[in-house]
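J.: Sharing a structure here in structure tokens format.
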Amino acid sequence: MRIDVLTLFPEAFRGPLDVSIVKRAREDGLLDLHIYDIREHATDRHRTVDDYPFGGGQGMVMRVDVLDRALEFVRGQAPERGLVVYLTPAGERLNDRIVRELAAEPRLILVCGRYEGVDERFVEHFVDREISIGDYVLTGGELPAMVLIDAVTRHIPGALGDAASPQEESFADGLLEHPQYTRPAEYKGWSVPEVLLSGHHAKIAAWRRQQRLERTRRRRPDLLEGKDDPA
Ligand SMILES: NC(=O)c1ccc(N[C@@H]2CC[C@@H](O)C2)nc1
């Protein structure tokens, strides 16, 4: 899978994507990640990428002409057209379903805004999906883009290694994940649920399912809406 990123701050991407699972996915050629600087496509002497908003208001808006040129350049770097995703608080709330949809794409082109955002004509004519990672405003789309890259990479076949698979986790069955325990079996008088030490796999699976249900009912009843009560 190829992911291209358009940003004013390429340096923001150094670090989180250079470690562990995402790093290995890149080294193994499972994820082909490229970061591009939007400012390279500003044409004036001052390399301007933003301007004052028509109609007034505070802050600056990123120019559609600069973004169009940057996107056209990036598009030309690979044969697949790519799905253009703009990170914005006004987007669809990211969830497991959307992550899986995006992970199925051969190529994503993520657009990270700054200031007050981008000219709406860019969104209207060039963006395929607007995505939000939560109901809060950040200084830029870079962190949301890194969240998206991390979440999507987990679904690239082979990225989690042969053992684990994204099926067995939170949200995969629409529920929150069950609690996890490991050694020591006893710590400061705190013990591990007996069933997990029993080696009885059917009982363990049942206990974990019950835990997922109870946790979800207690913490995230919204995830259960519209579902008949799962047995
Ligand atoms: N919740 C989110 O996913 C999110 C995304 C982007 C963002 N901020 C950028 C800065 C200017 C505009 O492009 C939007 N804040 C929050």
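Just so it is clear, glycine is given a Cβ too, placed from its N, Cα and C backbone atoms.
For G113, I133, G134, D135, Y136, V137, L138, the entry in TrEMBL reads S-adenosyl-L-methionine binding site. The annotation compositional bias 'Basic and acidic residues' is assigned in TrEMBL to 221-231. The feature domain 'tRNA methyltransferase TRMD/TRM10-type' is assigned by TrEMBL to 1-225. According to TrEMBL, the feature region 'Disordered' maps to 211-231.
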J.: Can you list which of the binding-site residues G134, D135, V137, L138 have their Cβ under 6 Å from some atom of ligand 1?
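T.: Among G134, D135, V137, L138, near ligand 1: G134, V137, L138.
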J.: For the binding-site residues I133, V137, L138, work out the Cβ neighbour count at 10 Å and name the residue with the minimum.
T.: V137
J.: Starting from the Cβ of G113 (S-adenosyl-L-methionine binding site), draw a 10 Å sphere and report how many other Cβ atoms land inside it.
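T.: For G113 (S-adenosyl-L-methionine binding site), the count of other Cβ atoms within 10 Å is 25.
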J.: Determine how many residues of the region 'Disordered' (211-231) DSSP places in helix, in strand and in coil.
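T.: The composition, in the requested order, is 13 helix, 0 strand, 8 coil.
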J.: Give me the mean pLDDT over the domain 'tRNA methyltransferase TRMD/TRM10-type' (1-225), rounded to a whole number.
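T.: Average per-residue pLDDT within the domain 'tRNA methyltransferase TRMD/TRM10-type' (1-225): 96.
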J.: Relative to the Cβ of Y136 (S-adenosyl-L-methionine binding site), which residues of the same chain, six or more apart in sequence, are found under 8 Å away?
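T.: P89 - these are the non-local Cβ neighbours of Y136 (S-adenosyl-L-methionine binding site), listed in sequence order.
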J.: Among G113, I133, G134, D135, Y136, V137, L138, the annotated S-adenosyl-L-methionine contacts, find the widest CA pair distance and round it to a whole Å.
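T.: Roughly 16 Å, rounded to the nearest whole number.
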J.: Under a three-state reduction of DSSP output, how is L138 (S-adenosyl-L-methionine binding site) classified: helix, strand, or coil?
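T.: In the DSSP reduction, L138 (S-adenosyl-L-methionine binding site) maps to coil.
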